[in-house]
Every structure is written in structure tokens, then in C-alpha cells.
Amino acid sequence: MTRYGLDVLSTVFDLARLRSHHSQVQGNSRPLSLQPFHSHTQEHVHAEHEAASDGSDDFRLPKMRSLVTMLVASMLMQVTFFIVVSSSSEYAEHLGGTPTFSGLVIGIPTVFAGVALIPMMKYDGGGYKLPLHFACACAILGNVLYSLAYAANWLYLILIGRMVSGLAMTFFLYSKRYCTDPRIVGIRRRTTLAGWLVLGQGFGFSVGPFIGGLLYKVGFPNSVFNGYTSPTWILAGIWAVFWAIAAVLYEDVPQVRPGAVIMELRTTSASLEAPQSSQADDAIQDSSATRTTSGYQSRADGMHPKAKGASTVQEAAVLPEAEEANMPTSRPSRFRMTGPQIGVTVTMCWFAMTCFFILGSWEANIPIFTSSDSPMNPFHFGPFAAGNMIALGGVSTFPLLFANLFVARRIQDRHTLAIGTTLGMAGLLTAMGVLATRTVTYGSLFACWFFIALGFNIISTVTLSLLSKQLPGEWNGRLSLAIQYSMFTGRVTGAVWGGAGVKVGMLNFVGMQIGLVCVGAVSFLTLWRQLKAKTG
């Protein structure tokens, strides 16, 4: 990535806020010239104290090269999922399959990703290096098998290839878990990082179908490298290069530091006890918490402010013991979800499923509908034109998804959820209207796809990040698994539903999606107050 690209990342992540000023926190207002001289030992202890405070800061981030590696891997995984969308129907038909079978080919990877997740989590050791290498290997092998199906003239080899690629897509969970991992990501940076994942998601469903359609158009007429197989051959090569780079650049996360997890749980619990506080009060409290939170935070709430500010070597040694003495009564393992928290979790899982069901069904349906004999279809598109429409809708959302990276730091996740739901529902209702009146044009269909792609991509930025802010850090793995299984369910069922859209009727196709969104809307409106969480 270029130096300019890293500068953009630094600007969006607001890396300057990762440095807290210890002298300001402790209420020391004397000029520097009047402050007592500290020995080198004392300065070293204070530096370690500040580092510990920064490590538990709400704005902390992982190392940039490791973060970029994870984001690029997630983006390539999205391209892997979508690159066959524009030509899979033609490829399956050439080998003797049906449009519904092509929908299964598109969606089947998520089934195998879901099956492989539990065994993978038993061996990952809480880290990400093993899942990263496993994903790269399976992505290469899966794309090669998909490409060889043409030369072998065997329909089910494309399905087998996508199944193997599905094993690589276990990494969808790990990329999301990485961006909400309390060991490396502060509570006020999780939605921002999720926004970067969604930006990569938008890149995947835009560039993937476009490249697939373009290479289909070019052709390359031979039995190995042709319009059907060239996208996956090229993608296999890209994965091989990335694997070599990732092996050098990526550095795995540190081991869990129990004190930091417990302090985050306490901070989160305290914020949930007062959901009615004003935004001004939240800003004051958050600013104070940012400056004072650390693994060595004093419990002497009744002390005079100056007494609290008098940090010494002895305090730094004693306070961790005080933390450990209180661990048995505050362990996250004893945490029990309340009724509203269960409702919020179910709502987020529902929206995770709904988003990917609708996005997956439209991406699978556009090539089939626009090339069908349906009386509602005024087009006669091939894979290239259909891929261009999918890509154009995705590219058009890029500026707004990029703007969401900045907006997410300033508004609550529940507001983002409401905005995304409104935009997505507007696209679905418009689609229902133009299909019912048979006034489908390129412009009207594109507008529907644009609002659907924008709205449901925006929603997907907050499903996991919101939960990670309301529940303890030790639950991050469980929450990631629940959200990812919901997404996998949406991806596979959505792709199959999109493949069968023309057969079941386009009005029924869109009507079911509207019903899913309505159920989610009723749920989040009912739980509106319980959906409050920190911004960022």
C-alpha cells in the first residue's frame, strides 16, 4: 500500500487520539519549570504506566501492517465469493446445469464455511495466523478446481471447487472478530474498522462481477483458460502472491490480558446503567474515561484528586494485586445476559442474516432476470452487461460508504441501523412498484439496486460492533460466531432464492425480502432504548 494510502488510513482511524497525556490526567497544573525533577527510574515507571493506559484506551488500534493485512484478506475473500456471479449461470448451463444450480454454486461456500468454523476455532489458539494461512491455501485450491471443471467437462467440479473455497471463507468470521477484539481494538474504534470491512465488501461485489463479466467477454477460447475459467485462474494467482506477502507482514495478536478485559466490562456496564444520559454528559464521561482508564486504575474513589494523581512505584505494584483480589466477583465468565440484551443480540443476528440474504439474492438474480424471457424483463443481457450493472451499483455506493467511516465515529450505531434500513426499504419498495407496473428500465432497476446495496451494506457495519460494545470482551468469540452464522445463512439462502427468483415470480421474490426487513424494523423499534452504545 502506498504512503498516501497509509496517510488516509491514519486520518480515518484518528491515530493521534491513541496518545493520552498522563500529566494532564493527574490534575497537575503546575508549569513544567516548577515540577520536581524525576529520576530515570521514576520516568521509566511513569512511561510504563502511560503505555498501560494507552493499551486499554478506548481508541487503541492494532499494528498498521497487521490491520491492513487482515482488511486486504477480507476484501480478497469478498472478490472470491462474487467473481463467479456474472458468469456462473452460463458456466453451469454449458456443463448441463440449471439457473437454480448456479445459485447453489454461488451460495454453497458459506455452508462449508459454517461447518468448518467450529473445528477451526478449537485450533486457532485465540489468534488469527492459522486461520489466515488456512484461508489462503483453500482459496487457491478452490479456484483452481473451479477452473478445471471446463477441461474435465464435469458439472459437479465447479460445485466442489466452491465448497473448497468455502473453507477459506471461515476467514469472514476472523476478520470481523479481529476488528472487535478487545485485546487490540478500543471500544470507540470497532464500528470504524467494521466500516473498512464493509468498504472491502463493496469492493468485492463491485469488482468481482465486473472482472468476471469482462473476462467472459474477452473469451480466451481454449479448454483451460477461457471466459468461464480465466477469472478464477487469475484470482488463484493473486491469492498465492498475497499469501507470500501476508506470511511476512502479519504479526498475531498478544495473549489475553485479564485486567484489560475486566476494566472494559466495568466501563461498558457503567455506560449501560444510565442509557438516559444526554449526549453532552456522555461526551464528558467518555473524555474522562479515555484519560483515566488503564490496567492499573485506582479504586480509591474517595481520595482527594491530588492524592489520586500522586502515582508512585509502590502504587503501580499494589494496584494490580487489588484488581486480582476483585476478579472472582467480576469475571466475565459469570456474566449473564439480561432479557433486553438477548433481544438486542437476536435483532442483530436477524439483520445480519437479512442483509446478506437480500444482497446475495439480488447479485444472483440480476444476471438471471436480465437474460430471462420474463414479461417484466425488457433486457437481453449477457454475463458482461449483467456484471457491469452489479458493479456499477456497487461502485456508486463507494463514496457514501467511505463517508460512513467518518460519520460512524460521531453517531450511534442504532442511528446507522435506522438509516440503512430506511434506504434499503426504499429500494425494495421501488422495485416492487416498477415490477408491478411493468415499467422496468435500466435506470429504474439500477436505482433500486443502488439503494439496496447502499442500505444493507451500511447496516452490516454495526451488527457485530454494537454487540461488542454492550457485552464483555470474553464474549467476542461467541458473538462473532453468532453473527457470522447469521450472515452465512443469509448468503446461501439468498443466492438460492435469487437463482429461483424468475421461477417463483419477481413480485414474490421482492415481497419476501420486504417481509424480512419489516420483522427486523419492528424488532429494533421495540428495543430502541436498549440499542444505545458508545459511538466510534
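Cβ coordinates are placed from backbone N, Cα and C, and glycine is handled just like the others.
If you look up TrEMBL, you'll see 26-56 (among others) marked as region 'Disordered'.
Annotated compositional bias 'Polar residues' per TrEMBL: 26-39, in sequence order.
Per TrEMBL, the feature compositional bias 'Basic and acidic residues' maps to 40-56.
Annotation comment: TrEMBL describes 67-88 (among others) as transmembrane segment.
The feature transmembrane segment is assigned by TrEMBL to 100-118 (among others).
Per TrEMBL, the feature transmembrane segment maps to 130-148 (among others).
Residues 70, 73-74, 77, 80-81, 84, 88, 91-92, 95-97, 101, 104-106, 108-113, 116-117, 120, 124, 128, 131-132, 134-139, 141-148, 232, 480-481, 484, 487-488 of the same chain lie 6+ residues outside the transmembrane segment (154-174) yet bring a C-beta within less than 8 angstroms of a C-beta in it. If you look up TrEMBL, you'll see 154-174 (among others) marked as transmembrane segment.
If you look up TrEMBL, you'll see 194-216 (among others) marked as transmembrane segment. Sequence-distant contacts of the transmembrane segment (194-216), counting only residues of its own chain at least 6 positions beyond either end whose CB sits under 8 Å from a CB of the stretch, comprise 12, 71-72, 74-87, 90, 175-176, 179-180, 227-228, 230-231, 234, 359, 363, 382-388, 390-395, 397-398, 401-402, 404-405, 408, 453, 457-458, 460-462, 464-465.
The annotation transmembrane segment is assigned in TrEMBL to 228-250 (among others). Non-local neighbours of the transmembrane segment (228-250) in the same chain are 65-66, 68-70, 72-73, 76, 79-80, 83-84, 87, 90-91, 94, 128-129, 132-133, 136-137, 139-140, 143-144, 146-150, 161, 211-212, 215-216, 218, 220; each lies 6+ residues outside the stretch with a CB under 8 Å from one of its CB atoms.
Per TrEMBL, the feature region 'Disordered' maps to 273-307 (among others).
The compositional bias 'Low complexity' annotation in TrEMBL covers 276-289.
According to TrEMBL, the feature transmembrane segment maps to 342-362 (among others).
Summarising the annotation, TrEMBL assigns transmembrane segment to 382-405 (among others). Beyond its flanks by at least six residues, the transmembrane segment (382-405) meets 12, 85-87, 89-90, 192, 195-196, 198-199, 202-203, 205-207, 209-210, 212-214, 216-217, 363, 366-367, 370-371, 416, 442, 445-446, 449-450, 453-454, 457-458, 461 of its own chain at Cβ-Cβ distances under 8 Å.
The annotation transmembrane segment is assigned in TrEMBL to 417-436 (among others). Counting residues 6+ beyond its ends, the transmembrane segment (417-436) has Cβ neighbours under 8 Å at 351, 358, 376, 444-445, 447-459, 462, 466, 506-507, 510-511, 513-514, 517, 520-521, 524, 531 in the same chain.
The transmembrane segment annotation in TrEMBL covers 442-467 (among others).
Same-chain residues lying 6+ beyond the ends of the transmembrane segment (479-500) with a Cβ under 8 Å from its Cβ atoms: 81, 89, 99-104, 106-111, 113-114, 117, 121, 172-173, 176-177, 180, 345, 348-350, 352-365, 368, 460, 463-464, 467-468, 471, 509, 512. Among the features that TrEMBL reports, transmembrane segment is placed at 479-500 (among others).
Non-local neighbours of the transmembrane segment (342-362) in the same chain are 106-107, 205, 417, 424, 428, 449, 452-453, 456-457, 459-460, 462-464, 466-467, 470-471, 479, 482-483, 486-495, 497-498, 501, 509, 513, 516-517, 519-520, 523-524, 526-527, 530-531; each lies 6+ residues outside the stretch with a CB under 8 Å from one of its CB atoms. Distant neighbours of the transmembrane segment (506-528): 340, 343-344, 346-347, 350-351, 354, 357-358, 361, 365, 369, 374, 376, 414, 417-418, 421, 424-425, 428-429, 431-432, 435-436, 497-498; these residues of the same chain sit at least 6 beyond its ends, with a Cβ under 8 Å from one of its Cβ atoms. For the transmembrane segment (67-88), the residues of the chain that approach it from at least six positions outside its boundaries are 1, 6, 9, 61, 102, 105-106, 109, 128, 132, 135-136, 139, 142-143, 146, 158, 162, 165, 168-169, 171-172, 174-175, 178-179, 193, 196-197, 200-201, 203-205, 207-213, 216, 227-228, 231-232, 235, 238-239, 242, 245-246, 249-250, 363-364, 367, 383-384, 386-387, 390, 491, judged by C-beta separation under 8 angstroms. Long-range contacts of the transmembrane segment (442-467) within its own chain (CB-CB distance under 8 A, at least 6 residues past either end) are made by residues 176, 179-180, 190-191, 193-195, 197-198, 201-202, 205, 344-345, 348-349, 351-352, 354-356, 358-359, 362, 366, 379, 389-390, 392-394, 396-397, 400-401, 404, 408, 413-414, 416-417, 419-428, 430-431, 434, 479-480, 483, 486-487, 531, 533.
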